[in-house]
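Asks: The following feature annotations were taken from TrEMBL:
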DOMAIN    6-328  domain 'FAD/NAD(P)-binding'
DISULFID  Cys40-Cys45  disulfide bond
BINDING   Lys49, Asp313  FAD binding site
BINDING   Gly182, Gly183, Gly184, Phe185, Val186, Ala187, Cys188, Glu189, Gly272  NAD(+) binding site
DOMAIN    355-464  domain 'Pyridine nucleotide-disulphide oxidoreductase dimerisation'
ACT_SITE  His454  active site, proton acceptor
Amino acid sequence: MARHHDLIIIGSGSGNSLVTPELEGLDIAIVEEGTFGGTCLNVGCIPTKMLVLPADRITEAHEARRLGVTVDSAPATVDWPAIRDRIFTNRIDEISAGGERYRRSQDFVTLYAARARFVGRRRLALDTGEEITADRVVVAAGSRADLLDVDGLDRVDPKRGVHTSDTIMRIDELPRRLAIVGGGFVACEFAHVFGALGVEVTQIQRSGALLRTEDAEISRRYTELSRGRHDLRLDTVVASASRSPEGTWTLGLMGRDGATDVEADAVLVAVGRTPNGARLDVEAGGIELDDWGVVRVDAQQRTTADGVWALGDVANSWQLKHVANHEARVVAHNVAVDAGRLPGEGPVEADHRFVPHAVFGHPQVAAFGPTRAELDEAGTPYVSYTQAFGDTAYGWALEDTTSILVVCADPDSGGIISAHCMGPDASTLIQPLIQAASFGQSAREVARGQYWIHPALAEVVENALLGLPLNDRLSR
Ligand SMILES: Cc1cc2nc3c(=O)[nH]c(=O)nc-3n(C[C@H](O)[C@H](O)[C@H](O)COP(=O)(O)OP(=O)(O)OC[C@H]3O[C@@H](n4cnc5c(N)ncnc54)[C@H](O)[C@@H]3O)c2cc1C
Ligand SMILES: NC(=O)c1ccc[n+]([C@@H]2O[C@H](COP(=O)([O-])OP(=O)(O)OC[C@H]3O[C@@H](n4cnc5c(N)ncnc54)[C@H](O)[C@@H]3O)[C@@H](O)[C@H]2O)c1
């Protein structure tokens, strides 16, 4: 017989944060097939950014040459096991285990270490043989890394040097040569990390540029800078892969100029992520998927099945942790309302108006809102201004020649539509623009309604706003 709960949460990533004080005391089940804490904590945002930091330090030390400082002309000495263990043994694994212990200690929470799939409306079969049902279900099952439809690279095999982002960060020793397939967030961040740590990186990208969904100028500049750091193969796909008895991979590549090959000691496949909805048989639970396999949700994060909500990578195409967190807050509130835990309050809606992202490569890239090409295509009236970091006082200090911030605004109201940045600290620098857009502040209010610390890097933002050719142009 199926065990009945008040609430079932599938996935312990952002799903774990649903157990808010408002829901405490309900009979809650969390089903997790993998490591407690999900992608961001165990194999995503947090360990990657902990790896990016030492990579940044090495790169900055080399780049200090243009400031008249030579830290060391030889390659940096890298203690890979120390870097890896600082991240995983000393921090991530502790946090994951501690989180799991805490949930198991709560008598109103049942943690099932199992894979779930829907076999009916709010009815799940677990691979342990159990069945569970609930009044309410939240699907927070995330996404998984894609592999290649190429023999040898169609499954993860760390022992043979075939990795996705799930495994590459825990390797025992750095490979001498790493082939990275892909040109998106994951590929660019790891190319930066492993390149800086002294690995010879070859990056193979199907299209003609890296980060090709960014503003075209930023994608072009990032691609050019990467070309100076790695062996970059654009407009190229992997057609075949073979491994010698000594463990060297030879990837057969097919590019615009014909066939070539590349040798590597390990391969990282970073060609996108597939949402996990279909693998959960959600349709057996009355939950519809869209054409891309994303669980369909409305503004309240409700799926097409009564009493079932969804959030995060399984239910949106951004595949970003801050989006999953935001949606988790919306779902936690709406489930509490539904369960009668918030008398007098109604459901709330998710706000997806200004979703930002950042790629922690070298340099950093950060953006929100439509690119200029997308605005052109949609026929949206806008003006834009491109501010070079190098034309500001702090940019002079940095001797920066490549970094830019592009701001797009409504020509009449000065309302900020989008921003696209590539340069040092882009992920932090862009935040006042996200804030301005979110709160409906105009370029004029933001530029002239506050002090900007001189000569801080934030003057890049001030100058970009002042440069906008608005109909009612701002004066400097
Ligand atoms: C290498 C990498 C770096 C990233 N860096 C960033 C970053 O810097 N910033 C950012 O915003 N985002 C980043 N992301 C994306 C971010 O990690 C995800 O968007 C976020 O973790 C998604 O959260 P989630 O709760 O939807 O899914 P997850 O955290 O993946 O949680 C889903 C959980 O469900 C479990 N599960 C799946 N199917 C089942 C099943 N059938 N039964 C039981 N359990 C199941 C999984 O094991 C998993 O633990 C990165 C991702 C990767 C891969
Ligand atoms: N800093 C961050 O926020 C961060 C970091 C890592 C991952 N993420 C999230 O994880 C998601 C997945 O990242 P991702 O980089 O795997 O996917 P992605 O969609 O960003 O990029 C996939 C890349 O692989 C290329 N590609 C696809 N098939 C290929 C093939 N056969 N051969 C060569 N190249 C191929 C594509 O052209 C694209 O450049 C991202 O969309 C992002 O939301 C976020």
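The backbone N, Cα and C atoms fix where each Cβ goes, and this holds for glycine too.
Describe the structural context of each listed feature in the structure shown, including burial, neighbouring residues and relevant distances.
Replies: Under DSSP, Cys40 (disulfide bond) is assigned to a helix (H, G or I) in the three-state scheme. Its Cβ placed at the centre, Cys40 (disulfide bond) has 21 other Cβ atoms within 10 Å.
Around Lys49 (FAD binding site), taking its Cβ as the centre, 16 other Cβ atoms fall within 10 Å, counting all chains.
Taking Cβ-Cβ distances under 8 Å and a sequence gap of 6 or more within the same chain, the neighbours of Gly182 (NAD(+) binding site) are Gln203, Ile204, Gln205, Val269, Ala270, Val271, Gly272.
Counted with DSSP, the domain 'Pyridine nucleotide-disulphide oxidoreductase dimerisation' (355-464) comes out as 40 helix, 29 strand, 41 coil.
His454 (active site, proton acceptor): 11 other CB atoms within 10 A of its CB, across all protein chains.
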Asks: A 10 Å Cβ contact count, applied to the recorded positions Cys45, Val186, Cys188: which residue has the minimum?
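Replies: Relative to the other recorded positions in Cys45, Val186, Cys188, Cys45 has the fewest Cβ atoms within 10 Å.
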Asks: Can you tell me which of Gly182, Val186, Cys188, our binding-site residues, come within under 6 Å of ligand 1 at the Cβ?
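Replies: Among the binding-site residues listed, those whose Cβ sits under 6 Å from ligand 1 are Val186.
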Asks: Among residues Gly182, Gly183, Gly184, Phe185, Val186, Ala187, Cys188, Glu189, Gly272 annotated as binding NAD(+), what is the maximum Cα-Cα distance? Answer in Å.
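Replies: Overall maximum Cα spacing for these binding residues reaches 13 Å.
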Asks: Which of these binding-site residues has the least crowded Cβ, counting other Cβ atoms within 10 Å: Gly184, Gly272?
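Replies: Taking Gly184, Gly272 as the binding-site residues, the minimal 10 Å Cβ count falls on Gly272.
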Asks: What average pLDDT is reported by the model for the domain 'Pyridine nucleotide-disulphide oxidoreductase dimerisation' (355-464)?
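Replies: Computed over the domain 'Pyridine nucleotide-disulphide oxidoreductase dimerisation' (355-464), the mean pLDDT is 98 on the 0 to 100 scale.
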Asks: Which of these recorded positions is closest to Lys49 (FAD binding site) if you go by CA atoms: Cys40, Gly184, His454?
Replies: Cys40
